[in-house]
Amino acid sequence: MMTLSWENQTMIVEFVLQGFSSILQLNISLFIMFFIFYILTVFGNILIVILVLCNHALHTPMYFFLVNLSFLEVCYTSNIVPKMLLIIIANQKTISVVGCFTQFYFFGSLAATECLLLAVMSYDRYLAICQPLRYPILMTGSVCLRLATGSWFCCFLLTAITMVLLCRQTFCGPNEIDHFFCDFNPLIHLSCMDTSLTETIAFATSSTVTLVPFFLITVSYSCILIAILRISSGTGRRKAFSTCSSHLTVVTVFYGTLIAMYLVPSANSSQYLRKGFSLLYTILTPMFNPIIYSLRNRDIHEALKKCLSKKPV
(Lines of atoms letter the chains of each structure in order from A; the text may use other names.)
(Lines give C-alpha, C1' and ligand atoms only; values in the text may rest on other atoms or scores of the structure.)
Protein backbone atom coordinates (compact mmCIF):
# COMPACT_ATOMS: atom_id res chain seq x y z
CA MET A 1 0.00 0.00 0.00
CA MET A 2 1.35 3.40 -0.97
CA THR A 3 1.48 6.04 1.72
CA LEU A 4 0.97 9.61 0.59
CA SER A 5 3.00 12.03 2.70
CA TRP A 6 1.68 15.43 3.52
CA GLU A 7 4.51 17.09 1.57
CA ASN A 8 2.97 15.86 -1.69
CA GLN A 9 -0.50 17.21 -0.86
CA THR A 10 -1.77 20.67 -1.78
CA MET A 11 -1.72 22.99 1.18
CA ILE A 12 -5.00 24.82 1.68
CA VAL A 13 -5.33 28.61 1.82
CA GLU A 14 -8.88 28.82 3.15
CA PHE A 15 -11.30 26.89 5.33
CA VAL A 16 -14.99 26.19 4.90
CA LEU A 17 -17.17 26.71 7.96
CA GLN A 18 -20.11 24.33 7.78
CA GLY A 19 -22.24 26.26 10.24
CA PHE A 20 -25.75 24.82 10.42
CA SER A 21 -25.75 23.40 6.89
CA SER A 22 -28.04 20.45 7.67
CA ILE A 23 -30.99 22.67 8.58
CA LEU A 24 -31.10 24.97 5.55
CA GLN A 25 -34.89 25.30 5.74
CA LEU A 26 -34.47 27.18 9.02
CA ASN A 27 -31.88 29.67 7.72
CA ILE A 28 -34.15 32.72 7.68
CA SER A 29 -35.53 31.97 11.14
CA LEU A 30 -32.03 31.36 12.53
CA PHE A 31 -30.73 34.55 10.93
CA ILE A 32 -33.51 36.69 12.40
CA MET A 33 -33.17 35.13 15.85
CA PHE A 34 -29.36 35.40 16.03
CA PHE A 35 -29.41 38.90 14.56
CA ILE A 36 -31.85 40.06 17.26
CA PHE A 37 -29.73 38.39 19.93
CA TYR A 38 -26.63 40.14 18.58
CA ILE A 39 -28.28 43.57 18.52
CA LEU A 40 -29.57 43.09 22.08
CA THR A 41 -26.11 41.97 23.23
CA VAL A 42 -24.32 44.96 21.73
CA PHE A 43 -26.99 47.43 22.85
CA GLY A 44 -27.25 46.05 26.41
CA ASN A 45 -23.51 45.96 27.05
CA ILE A 46 -22.83 49.37 25.48
CA LEU A 47 -25.67 50.80 27.57
CA ILE A 48 -23.99 49.48 30.72
CA VAL A 49 -20.69 51.10 29.67
CA ILE A 50 -22.36 54.45 28.91
CA LEU A 51 -24.33 54.50 32.16
CA VAL A 52 -21.26 53.80 34.26
CA LEU A 53 -19.06 56.31 32.44
CA CYS A 54 -21.67 59.08 32.57
CA ASN A 55 -22.72 58.60 36.20
CA HIS A 56 -20.15 59.66 38.77
CA ALA A 57 -21.93 57.66 41.49
CA LEU A 58 -21.03 54.46 39.61
CA HIS A 59 -17.31 55.22 39.50
CA THR A 60 -16.48 52.42 41.92
CA PRO A 61 -14.26 49.32 41.55
CA MET A 62 -17.25 47.01 41.05
CA TYR A 63 -18.59 49.02 38.13
CA PHE A 64 -15.11 49.61 36.72
CA PHE A 65 -14.72 45.85 36.33
CA LEU A 66 -18.29 45.62 35.00
CA VAL A 67 -17.38 48.11 32.25
CA ASN A 68 -14.42 45.92 31.33
CA LEU A 69 -16.66 42.86 31.23
CA SER A 70 -19.32 44.59 29.11
CA PHE A 71 -16.75 45.90 26.65
CA LEU A 72 -15.27 42.40 26.46
CA GLU A 73 -18.69 40.89 25.70
CA VAL A 74 -19.19 43.28 22.78
CA CYS A 75 -15.80 42.36 21.31
CA TYR A 76 -16.33 38.66 22.07
CA THR A 77 -19.66 38.31 20.29
CA SER A 78 -18.69 40.68 17.43
CA ASN A 79 -15.74 38.43 16.68
CA ILE A 80 -18.03 35.47 15.91
CA VAL A 81 -21.65 36.44 15.20
CA PRO A 82 -21.26 38.63 12.05
CA LYS A 83 -19.44 35.85 10.19
CA MET A 84 -21.97 33.31 11.45
CA LEU A 85 -24.82 35.46 10.11
CA LEU A 86 -23.13 35.61 6.71
CA ILE A 87 -22.84 31.82 6.69
CA ILE A 88 -26.53 31.44 7.48
CA ILE A 89 -28.10 34.03 5.17
CA ALA A 90 -25.58 34.44 2.33
CA ASN A 91 -23.92 31.01 2.40
CA GLN A 92 -20.49 32.70 2.63
CA LYS A 93 -18.78 29.79 4.33
CA THR A 94 -15.19 30.32 3.24
CA ILE A 95 -12.68 32.04 5.50
CA SER A 96 -8.98 32.50 4.85
CA VAL A 97 -6.43 30.70 6.98
CA VAL A 98 -5.23 34.04 8.35
CA GLY A 99 -8.81 35.14 9.04
CA CYS A 100 -9.56 31.85 10.77
CA PHE A 101 -6.46 32.07 12.96
CA THR A 102 -7.29 35.69 13.81
CA GLN A 103 -10.84 34.76 14.80
CA PHE A 104 -9.58 31.93 17.00
CA TYR A 105 -6.93 34.15 18.61
CA PHE A 106 -9.42 36.80 19.67
CA PHE A 107 -11.98 34.17 20.71
CA GLY A 108 -9.47 32.38 22.92
CA SER A 109 -7.98 35.56 24.34
CA LEU A 110 -11.33 37.16 25.16
CA ALA A 111 -12.75 33.97 26.68
CA ALA A 112 -9.66 33.64 28.90
CA THR A 113 -9.86 37.32 29.85
CA GLU A 114 -13.46 36.84 30.93
CA CYS A 115 -12.37 34.06 33.29
CA LEU A 116 -9.79 36.31 34.93
CA LEU A 117 -12.15 39.29 35.10
CA LEU A 118 -14.78 37.17 36.84
CA ALA A 119 -12.12 36.08 39.34
CA VAL A 120 -11.07 39.70 39.90
CA MET A 121 -14.70 40.71 40.43
CA SER A 122 -15.15 37.93 42.99
CA TYR A 123 -12.03 39.18 44.80
CA ASP A 124 -13.52 42.67 44.81
CA ARG A 125 -16.74 41.33 46.37
CA TYR A 126 -14.70 39.38 48.93
CA LEU A 127 -12.90 42.53 50.07
CA ALA A 128 -16.13 44.55 50.13
CA ILE A 129 -17.98 42.02 52.32
CA CYS A 130 -15.25 40.37 54.38
CA GLN A 131 -12.95 43.35 54.88
CA PRO A 132 -15.18 46.43 54.48
CA LEU A 133 -13.01 48.73 56.61
CA ARG A 134 -9.86 48.01 54.57
CA TYR A 135 -11.70 47.91 51.24
CA PRO A 136 -11.03 51.57 50.23
CA ILE A 137 -7.32 51.07 50.98
CA LEU A 138 -6.92 47.68 49.29
CA MET A 139 -9.04 48.35 46.19
CA THR A 140 -7.77 51.72 45.02
CA GLY A 141 -8.04 53.08 41.50
CA SER A 142 -4.48 52.11 40.63
CA VAL A 143 -5.03 48.57 41.94
CA CYS A 144 -8.21 48.22 39.87
CA LEU A 145 -6.37 49.42 36.77
CA ARG A 146 -3.50 46.99 37.31
CA LEU A 147 -5.87 44.05 37.89
CA ALA A 148 -7.89 44.79 34.76
CA THR A 149 -4.86 45.52 32.58
CA GLY A 150 -3.09 42.41 33.86
CA SER A 151 -6.10 40.25 33.03
CA TRP A 152 -6.22 41.49 29.44
CA PHE A 153 -2.47 41.37 28.87
CA CYS A 154 -1.83 37.93 30.41
CA CYS A 155 -4.63 36.23 28.48
CA PHE A 156 -3.70 37.74 25.12
CA LEU A 157 -0.08 36.76 25.77
CA LEU A 158 -0.92 33.16 26.76
CA THR A 159 -3.17 32.68 23.72
CA ALA A 160 -0.37 34.03 21.52
CA ILE A 161 1.78 31.06 22.58
CA THR A 162 -0.84 28.66 21.25
CA MET A 163 -1.21 30.79 18.12
CA VAL A 164 2.51 30.61 17.34
CA LEU A 165 2.40 26.81 17.53
CA LEU A 166 -0.81 26.69 15.51
CA CYS A 167 0.67 28.85 12.76
CA ARG A 168 3.53 26.36 12.42
CA GLN A 169 1.07 23.60 11.53
CA THR A 170 0.52 22.61 7.91
CA PHE A 171 -3.05 22.15 6.67
CA CYS A 172 -3.31 20.12 3.49
CA GLY A 173 -6.93 19.00 3.40
CA PRO A 174 -9.71 18.46 3.98
CA ASN A 175 -10.52 22.09 4.69
CA GLU A 176 -14.06 21.80 6.08
CA ILE A 177 -14.65 22.83 9.70
CA ASP A 178 -17.87 21.40 11.13
CA HIS A 179 -18.57 24.47 13.25
CA PHE A 180 -19.83 28.05 12.88
CA PHE A 181 -16.52 29.63 13.96
CA CYS A 182 -12.84 28.72 14.11
CA ASP A 183 -12.46 26.84 17.37
CA PHE A 184 -9.27 25.05 18.38
CA ASN A 185 -10.37 21.39 18.38
CA PRO A 186 -12.02 21.23 14.93
CA LEU A 187 -9.17 23.32 13.53
CA ILE A 188 -6.30 21.24 14.90
CA HIS A 189 -7.91 18.03 13.59
CA LEU A 190 -7.35 19.28 10.03
CA SER A 191 -3.59 19.49 10.43
CA CYS A 192 -1.47 16.92 8.63
CA MET A 193 1.46 17.28 11.04
CA ASP A 194 2.12 16.05 14.54
CA THR A 195 -0.09 18.16 16.81
CA SER A 196 0.82 16.64 20.18
CA LEU A 197 2.97 19.58 21.34
CA THR A 198 0.42 22.17 20.20
CA GLU A 199 -2.42 20.32 21.91
CA THR A 200 -0.41 19.91 25.12
CA ILE A 201 0.49 23.61 25.29
CA ALA A 202 -3.09 24.62 24.44
CA PHE A 203 -4.47 22.33 27.14
CA ALA A 204 -2.01 23.68 29.71
CA THR A 205 -2.74 27.34 28.96
CA SER A 206 -6.52 26.87 28.74
CA SER A 207 -6.55 24.90 31.99
CA THR A 208 -4.53 27.64 33.69
CA VAL A 209 -6.85 30.47 32.67
CA THR A 210 -10.03 28.53 33.52
CA LEU A 211 -9.28 26.35 36.54
CA VAL A 212 -7.12 28.81 38.50
CA PRO A 213 -9.72 31.62 38.29
CA PHE A 214 -12.46 29.11 39.10
CA PHE A 215 -10.54 28.03 42.20
CA LEU A 216 -10.09 31.67 43.27
CA ILE A 217 -13.79 32.35 42.71
CA THR A 218 -14.71 29.30 44.79
CA VAL A 219 -12.45 30.38 47.65
CA SER A 220 -13.73 33.96 47.52
CA TYR A 221 -17.37 32.96 47.65
CA SER A 222 -16.72 30.41 50.38
CA CYS A 223 -15.33 33.22 52.53
CA ILE A 224 -18.21 35.48 51.51
CA LEU A 225 -20.76 32.83 52.49
CA ILE A 226 -19.14 32.34 55.88
CA ALA A 227 -19.09 36.11 56.45
CA ILE A 228 -22.76 36.45 55.45
CA LEU A 229 -23.84 33.63 57.76
CA ARG A 230 -22.13 35.41 60.65
CA ILE A 231 -24.31 38.50 60.18
CA SER A 232 -26.97 38.46 62.87
CA SER A 233 -29.79 40.34 61.16
CA GLY A 234 -31.70 38.90 58.21
CA THR A 235 -31.79 42.31 56.55
CA GLY A 236 -28.02 42.57 56.74
CA ARG A 237 -27.56 39.12 55.25
CA ARG A 238 -29.89 39.89 52.35
CA LYS A 239 -28.17 43.21 51.68
CA ALA A 240 -24.72 41.60 51.73
CA PHE A 241 -25.82 38.78 49.45
CA SER A 242 -27.52 41.16 46.99
CA THR A 243 -24.20 42.89 46.32
CA CYS A 244 -22.73 39.70 44.84
CA SER A 245 -25.79 37.75 43.63
CA SER A 246 -25.59 39.13 40.07
CA HIS A 247 -21.92 38.26 39.73
CA LEU A 248 -22.50 34.81 41.20
CA THR A 249 -25.28 34.20 38.66
CA VAL A 250 -23.01 35.20 35.77
CA VAL A 251 -20.21 32.96 37.07
CA THR A 252 -22.62 30.02 37.40
CA VAL A 253 -23.94 30.43 33.85
CA PHE A 254 -20.48 30.97 32.32
CA TYR A 255 -18.65 28.11 34.04
CA GLY A 256 -21.70 25.84 33.88
CA THR A 257 -21.65 26.16 30.11
CA LEU A 258 -17.90 25.55 29.92
CA ILE A 259 -18.10 22.46 32.12
CA ALA A 260 -21.00 21.06 30.10
CA MET A 261 -19.02 21.74 26.93
CA TYR A 262 -16.03 19.73 28.14
CA LEU A 263 -18.27 16.88 29.31
CA VAL A 264 -19.79 16.43 25.85
CA PRO A 265 -18.12 13.49 24.07
CA SER A 266 -16.18 14.24 20.89
CA ALA A 267 -18.12 11.79 18.72
CA ASN A 268 -19.70 13.10 15.51
CA SER A 269 -23.18 12.24 16.78
CA SER A 270 -22.79 14.86 19.51
CA GLN A 271 -21.61 17.66 17.19
CA TYR A 272 -25.05 19.28 17.27
CA LEU A 273 -24.84 19.30 21.06
CA ARG A 274 -21.40 20.89 20.96
CA LYS A 275 -22.67 23.58 18.61
CA GLY A 276 -25.60 24.17 20.92
CA PHE A 277 -23.35 24.71 23.94
CA SER A 278 -21.10 26.92 21.82
CA LEU A 279 -24.13 29.09 21.06
CA LEU A 280 -24.72 29.46 24.79
CA TYR A 281 -21.33 30.98 25.59
CA THR A 282 -20.90 32.92 22.32
CA ILE A 283 -24.38 34.48 22.01
CA LEU A 284 -26.73 33.89 24.93
CA THR A 285 -24.36 34.44 27.86
CA PRO A 286 -23.08 37.82 26.55
CA MET A 287 -26.70 38.86 25.95
CA PHE A 288 -27.92 37.87 29.43
CA ASN A 289 -25.01 39.43 31.35
CA PRO A 290 -26.27 43.05 31.17
CA ILE A 291 -29.78 41.83 31.98
CA ILE A 292 -28.55 39.94 35.04
CA TYR A 293 -26.47 42.85 36.30
CA SER A 294 -29.24 45.41 35.82
CA LEU A 295 -32.32 43.39 36.80
CA ARG A 296 -31.90 43.74 40.58
CA ASN A 297 -29.29 46.49 40.62
CA ARG A 298 -30.71 49.64 42.15
CA ASP A 299 -27.69 51.74 41.18
CA ILE A 300 -28.12 50.86 37.51
CA HIS A 301 -31.86 51.61 37.75
CA GLU A 302 -31.17 55.04 39.23
CA ALA A 303 -28.51 55.82 36.63
CA LEU A 304 -30.89 54.82 33.81
CA LYS A 305 -33.72 56.96 35.26
CA LYS A 306 -31.36 59.91 35.61
CA CYS A 307 -30.19 59.47 32.02
CA LEU A 308 -33.73 59.21 30.64
CA SER A 309 -34.95 62.19 32.67
CA LYS A 310 -32.37 64.56 31.24
CA LYS A 311 -34.00 67.03 28.86
CA PRO A 312 -32.09 68.43 25.87
CA VAL A 313 -31.08 72.06 26.20
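Here the Cβ of each residue, glycine as well, is placed from N, Cα and C on the backbone.
Feature annotation from TrEMBL assigns transmembrane segment to 28-53 (among others).
According to TrEMBL, the feature domain 'G-protein coupled receptors family 1 profile' maps to 44-293.
Under the heading transmembrane segment, TrEMBL lists 65-90 (among others).
The annotation transmembrane segment is assigned in TrEMBL to 102-123 (among others). Outside the transmembrane segment (102-123) by six or more residues, the chain places 62, 65-66, 68-69, 72-73, 75-76, 79-80, 83, 95, 147-148, 150-152, 154-156, 158-160, 162-163, 166, 181-184, 187, 205-206, 209-210, 212-214, 216-217, 220-221, 244, 247, 250-251, 254, 281 with a CB less than 8 A from a CB of the stretch.
Listed by sequence, the residues of this chain that lie at least six past the ends of the transmembrane segment (143-166) yet keep a Cβ under 8 A from its Cβ atoms are 61, 64-65, 68, 101, 104-105, 108-110, 112-113, 115-117, 120, 123, 184, 187-188, 197-198, 201-202, 205, 208-209. The transmembrane segment annotation in TrEMBL covers 143-166 (among others).
According to TrEMBL, the transmembrane segment annotation covers 201-228 (among others).
Here TrEMBL flags 240-264 (among others) as transmembrane segment. Same-chain residues lying 6+ beyond the ends of the transmembrane segment (240-264) with a Cβ under 8 Å from its Cβ atoms: 62, 114, 118, 121-122, 125, 128-129, 210, 214, 217, 221, 224, 227-228, 231, 270, 273-274, 277-278, 280-281, 285, 288-289, 292-293, 295-297.
Positions annotated as transmembrane segment by TrEMBL: 276-295 (among others).
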Problem - Long-range environment of the transmembrane segment (28-53) - Cβ separation under 8 angstroms, sequence gap at least 6 - result: 20, 59, 63-64, 66-67, 70-71, 73-74, 77-78, 81-82, 84-85, 88-89, 283-284, 286-287, 289-291, 293-294, 300, 303-304, 307
